[in-house]
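A.B. asks: Okay, handing you the structure first.
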């Protein structure tokens, strides 16, 4: 177990290091002088030079990389020149929107998908299976931002139940915050739920064909018992893999969805930073998202070991 | 009334008839052997009794167990019977247990379900039955997971599950086919003891007449979904009234005619020399920082094989025989030692220098289904080793050579236009042999070449091997766990155990008078139809004289 | 994502096709895909209206016989826009899949054949790329080069590389211990030759299935990027961009958002059905269950 975890943590760290090198070098080779961007076109050469010195742009590449990584390790993501504030503050301010959005979507999609997948597998070939999987088949094909537009049209424009966009903030109580995240979360979650339900169903069907299911049935255990007590846990292994990958997709999906709903989250931050060429913000947010993908993969690995004793070797 | 009565059972899957008018009975405490080749419907018969058939199966006829009409019984009633009154043991122990549950949970689960015992009592019963099947708690606590057990141990767990509630009937579907002979003997003995002890009826399904002759009071012989013959074991198998019974029995004891043995005519020059060969594999790390201890699969093995000679390499599964075979074929490299073929050190040559030597040795594998690329036609499959010739033959020459090879193995040249899936298992094994002989090799390494085949096919393939040895003078190294095969077509035999050759000599000498413990165990465990029948008849006479 | 490593034991592609056309999912998917592809091809020579011709008088018209899907805020015919937009979607997805197969499959096969550090490196490379969802790479690429259609292709293509590498590797790894590969090695064939003669033909089917899945994902991703303005740039019509333009006008003209969205859904649905059908036909393990 410890060896398994140590290896997975090591792999996660390597992934992070390589990713940071990629992000750093990609954004470093960019044409354009950050100092110039910061001071504007009318800056004097002297001011530029002192700005470059101040920003550490004259140091060798490797030193700048180490400074950047070292800074991030202690929470210093640099300073945004468009917002004139530390990037970490911007991120913290925006994360209170994006993180709840991603988490609510993940919970929502899991809570819908897994029961539906199990239900369909248990009633395989019957009407319930055909209908739910037909819906899922279409759901997989729906782009989340289009689904978001339809939701806005129906619930905000037509029924006027929720605001069409924007974020009320958490100041007005949890409910008003959740309320403005409800539609975005549904828009993100349902297409993902369709995928997850299909994966759950096929994983269940695969497991239900295994020899040990027949052994359990030969023991006299009823079909329902076998489904819940024997099949489900084994079927969770591929489902966990897909859930881990979906978290990455959900995070990326927040970039689009936050733009559809005008939510002041990380996705919108990074999107605006690109248009304003505020690279230090782009770097910081991208690294943060990559890091959360890596952490989630690690969590999935730990869950594997919880589900599957074969991975708990020593 | 019998414990289990099957009358005129018919079974269709879709429109395909699987069983036709099957009749069969088992009395309380009786062992019935159900024998047949693959596709005879013997497994489907047992699944029909358990009502665990595939969804698309439809049944007709009558199956009565202890007065209950099983085909008409509702699912809830079947759940009460299964595991409680009827237990079942399956063929494949490696996949028969749920990998994420402990063995304790899996044994206790059925006990709790059927007896509504509390957890502690159920675990207590589980402990007892696991102890009874040879898994004492001191070594095998209930908290073990299946992956921590070997195949034989897992089969014991499956038997414990099946017998935990003292069922009246035990169904064992090829319970030892996936195990080696020594384990087979242990498991069969365990089953017999449990049956005697608990007065259970046992339906033992097997393809192996010798196993059935040893175990069963009565036999039922099936073919293509129909019962051919039923009766008392010794009488049925000795009298062989039904032609199919006769065919099976003859095939099981078949010994090919080896009068054309090439070894006698050939000069005594060594063809293959294996010299102190060692193969280590990296082991698992005991902890994060410890150096992994290597696992020695082959340990200091030396022997030599003369031209035209047939030699068997026998041993239990995992003894290192297949690793050795791969090294001889230069598919794997030894960690130490040297292998020479016709004087050339094939174990150290690079792939380019190996080419002319590879021509002299070819291979036949066990699985007639996995041995061919399913997307190539037979012509291309058989011609593949021609790649090794110095001068590539033209397309017509190639076809001629393939046609000749097909002729040698008893197939038609026209077969080269077909795909492998159009052939049966036995025919595929012939194609496999045709591929092996096309470069006119001096040595063929055959890794369990007949163990996946039905007995009647097996006899024909053994004949073919013997025939080609005489005609082409090719030497064989047979890797097998089956002593009957070794006895049938080899001059010499080597016994391998834990990576070492522990005994070797003339086949008859070693198998009749084994010296080492490993060889003794193998010989004692090997099922033998003739001896099993003699034992059974002797027992009958003994009991007959006593009664008189 | 498919981790199917079961290889179809079929002889020849002709038999597979015969089976495929008896599979309902495959037939429906095939018809939808063919119609969309035909629409894109026809748009090169003919569309109902010339979309470079802006007719302000006709702006945001609803559905009518003249404009079955209505018109947009410049008075352009939406059906014509969708037909031309299909080109962009298909082109991006095709190139991105080709990029994934062209680089990913050789990498995966190489890793499976070579094993050891090559394999380890490939898996780590996969981890890194998987940590950058396509949208994130597109964001970075746009940050470098500015918005353009090519960004979408590169970003989606890069993401496809580890997907195909992983599928090819898993398929190849399941084949290498097969006896027919051992027989080929005993016949003196090298790893490259075995990969070409034995491995590739036998993993082609799972790659094909994965290809249709990635194609569908590519269409969805391209639409998302165009919606954000990171993909195809106006005046080139693209489905995602049409949805972006529709958003602010949705209260007055909801049809602006309906039809481009439906075009995406139908195309992706068709491809997924095609992939499901192919998988049913090619995967003998699933077939046995029926």
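Here the Cβ of each residue, glycine as well, is placed from N, Cα and C on the backbone.
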A.B. asks: Of the residue ranges A:50-77, A:134-161, which one carries the transmembrane segment annotation in TrEMBL?
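C.D. replies: Range annotated as transmembrane segment by TrEMBL: A:134-161.
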A.B. asks: Select from A:204-230, A:231-257 the stretch of residues annotated by TrEMBL as transmembrane segment.
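C.D. replies: Residues A:231-257 are the ones TrEMBL records as transmembrane segment.
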A.B. asks: Can you work out whether the transmembrane segment (A:9-30) touches the transmembrane segment (A:285-307), with the criterion being 3+ CB pairs under 8 Å where the paired residues are 6 or more apart along the chain?
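C.D. replies: When sequence-distant Cβ pairs are counted, the transmembrane segment (A:285-307) touches the transmembrane segment (A:9-30), since at least 3 lie under 8 Å.
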A.B. asks: What parts of the chain pack near the transmembrane segment (A:285-307), using Cβ distances under 8 Å and only residues at least 6 beyond its ends?
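C.D. replies: Residues 1, 4-5, 8-9, 12, 15-16, 19-20, 23, 72, 91, 233, 236-237, 240-241, 243-244, 247-248, 251-252, 266, 269-270, 273 contact the transmembrane segment (A:285-307) from elsewhere in the chain.
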A.B. asks: Six or more residues beyond either end and a Cβ under 8 Å away: which residues meet both conditions relative to the transmembrane segment (A:231-257)?
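C.D. replies: Non-local partners: 98, 101-102, 105-106, 109-110, 114, 117-118, 144-145, 148, 184, 187-188, 192, 195-196, 199-200, 203-204, 206-208, 210, 213, 263, 265-268, 270-271, 289, 292-293, 296-297, 299-300, 303-304, 307-308.
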